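First the structure, in the form of structure tokens, and then the observations on it.
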Amino acid sequence: MSARLPALSQPRWPGPLLLVLLLLEAAPGPRPGAAFYLPGLAPVNFCEEEKKSDECKAEIELFVNRLDSVESVLPYEYTAFDFCQASEGKRPSENLGQVLFGERIEPSPYKFTFNKEETCKLVCTKTYHTEKAEDKQKLEFLKKSMLLNYQHHWIVDNMPVTWCYDVEDGQRFCNPGFPIGCYITDKGHAKDACVINSEFHERDTFYIFNHVDIKIYYHVVETGSMGARLVAAKLEPKSFKHTHIDKPDCSGPPMDISNKASGEIKIAYTYSVSFHEDKHIRWASRWDYILESMPHTHIQWFSIMNSLVIVLFLSGMVAMIMLRTLHKDIARYNQMDSTEDAQEEFGWKLVHGDIFRPPRKGMLLSVFLGSGTQILIMTFVTLFFACLGFLSPANRGALMTCAVVLWVLLGTPAGYVAARFYKSFGGEKWKTNVLLTSFLCPGIVFADFFIMNLILWGEGSSAAIPFGTLVAILALWFCISVPLTFIGAYFGFKKNAIEHPVRTNQIPRQIPEQSFYTKPLPGIIMGGILPFGCIFIQLFFILNSIWSHQMYYMFGFLFLVFIILVITCSEATILLCYFHLCAEDYHWQWRSFLTSGFTAVYFLIYAIHYFFSKLQITGTASTILYFGYTMIMVLIFFLFTGTIGFFACFWFVTKIYSVVKVD
């Protein structure tokens, strides 16, 4: 019996949340274990059948979530498979975030009574006749899901039921899912979880995990209320071909299904449950054992240090330009008396009459700035709440719900910023501006999302958004976001245009011949490298959590990286903007947006590299879905980083031209 799993089943988990834990310790208000709890996250007390009361439950319910795989982007509901179904039971209501992420939590036939141990209890028996088309189809679906290593996700008392096993370097990894089964190839190669048992050796055969040994850990409440609280639920999947299906004893050879099997096949599903008191784990820290099994913390700190070095380097450069070069330039320009001296001058001062000339395609730029502002504020607020522990993994779907609701409510700043800049660019088609701000970028995202949803519908996946939810999302967009955008635009257009520190000349100045480095494209390509360098390690963990179905905890790290990204985008854009102005090129508006926005192109290249080097995704539908959803992320990231670059450059240009004397 070996418990070492191959690379495929190795943890792809992000490192532990050190900063968030520190923030949680310091944060006032809702904390696990405090007197005030977030909705749905308060502890539940359990006690024996004879002691049960309103404050203390005896029955422990096990819920089942969707099944997913690292080899496919398509998750499926528990009911899509031919497993034992619950005869009755109330299905928990899902929030918007859970529906968007395809989570489908349902009651299961596994019911336990607190402190009542069961051994090899039969849940149900499934019989398949291979000559019957319906039975054959169900069996084939089961085999296909074992081949793609689909995993169960079970929940007890809002905690994932974990499967803990040894991995390389003597580490113990706790996986919040366990496989349906595994496959031995026709060449005798053990795939995925088949390596855990030496009895799995028949060629071209599937082994189904039809028995689970569940261990539930609890600690007794010392003060106040009576009863015990659950602190962990762990299981070990096993496979048994039960000799007496009516009276199973959980012994004998494993339950094998040959790929060429015919006739009648019976699968009996059983479980054993035991209860263990653990005095060391408190209810407030019951997620810690999953956190502690995650590697990569040192990579996180390395990533932060790496990013900080880049930020310090850029800050030094910007400070040097601001203090030395600009200070000298401004002092020299302001001391000049004669126009002859001014004629001999060169550099950024010469373009003062053209610096605030409206850019080409000002309408589109203002719309992008409006949408980018909306995304920027949404990201900041969401990450801030996540840092305070409001959006922890225990509060399922909260992160996505928070982001969507914030995006909808932030229509006003989007409309205001778009209108304000469009007016300063001299635009007069305000109706078109408002409509484009409301519908252009959200429309592109929704169209992409809808096409991906059609594919998911076609594949029968649980990630397909129900029609009712799509209507609800459209209602949020049209009935709340769009009117708020109009209100913002109304105030933006009502205000006077932004006052510039220098007047714009009637005749545009001719831009001299530019060297290779000061041409637009090389500058834009260079501009995205440094911001991307700050985030690419964090990006690896985010992509892991999305595509390898892992929990993401590290909001403290992420918030820090977000701040570093904002600073780096700003400084890199200001730096390149200054060099271009010195080369007498005054077209800074689009260039500043595209310089930091180009980080999104590096993000896309990285996502393509990640797909081919890190993922085992197979099938056309999964590939289309991966790249479809990646394009949504790239567009959002492009607007987000581009807006940061533009605002930084706008501030810089306004600042330097407001301190020089202009005749």
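Glycine too: its Cβ is placed from the backbone N, Cα and C atoms.
Feature annotations, reproduced from TrEMBL:
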- 1-35: signal peptide (SIGNAL)
- 301-323: transmembrane segment (TRANSMEM)
- 364-391: transmembrane segment (TRANSMEM)
- 397-422: transmembrane segment (TRANSMEM)
- 434-457: transmembrane segment (TRANSMEM)
- 463-493: transmembrane segment (TRANSMEM)
- 524-547: transmembrane segment (TRANSMEM)
- 553-581: transmembrane segment (TRANSMEM)
- 593-612: transmembrane segment (TRANSMEM)
- 624-653: transmembrane segment (TRANSMEM)
So which of 364-391, 463-493, 524-547, 624-653 is most in touch with the transmembrane segment (301-323), counting Cβ pairs under 8 Å?
524-547
I need to check the long-range neighbours of the transmembrane segment (524-547): which residues 6 or more away from its ends have a CB within less than 8 Å of a CB in the stretch?
12-15, 70, 73, 296, 299-300, 302-303, 306-307, 310-311, 314, 554, 557-558, 561, 564-565, 568-569, 572-573, 576, 591, 594-603, 606-607, 610, 614-615, 617, 626, 641, 645
May I ask for the residues of the chain that lie six or more residues beyond the transmembrane segment (624-653) and have a Cβ under 8 Å from a Cβ within it?
73-74, 355-356, 365, 368-369, 371-373, 375-376, 379, 441, 444-445, 448-449, 451-452, 455-456, 527-528, 531, 547, 565-566, 569-574, 577-578, 581, 588-589, 592-597, 599-601, 603-604, 607, 611, 615, 617
Are there 3 or more C-beta pairs under 8 Å linking the transmembrane segment (463-493) with the transmembrane segment (553-581), counting only pairs at least 6 apart in sequence?
no
